[in-house]
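Written out below as structure tokens is the structure these notes cover.
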């Protein structure tokens, strides 16, 4: 009886972890926080200096890098 209860609790915890992880990763490329922030900040009155393509970057950079892969800035536009 105790083993059954432990197994049920373990399955419930693992299911909850799966659901939490699935919510965070849904449409991550299409609606990333960085692109949403850049869309809100992209106005006619505001000009920002962008990193040139293939320059070194980190995920914390604010220099309008579209995607940072292997520490290189990939700019699509």
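Note: Cβ is positioned from N, Cα and C throughout, glycine not excepted.
Going by Swiss-Prot, these are the annotated features:
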DISULFID  50-65  disulfide bond
DISULFID  57-68  disulfide bond
DISULFID  64-73  disulfide bond
MOD_RES   49  pyrrolidone carboxylic acid
SIGNAL    1-22  signal peptide
Near residue 73 (disulfide bond), how many other Cβ atoms are within 10 Å of its Cβ?
21
Rounded to the nearest angstrom, how far is the Cα of residue 57 (disulfide bond) from the Cα of residue 73 (disulfide bond)?
6
Can you tell me whether DSSP puts residue 57 (disulfide bond) in helix, strand or coil?
coil
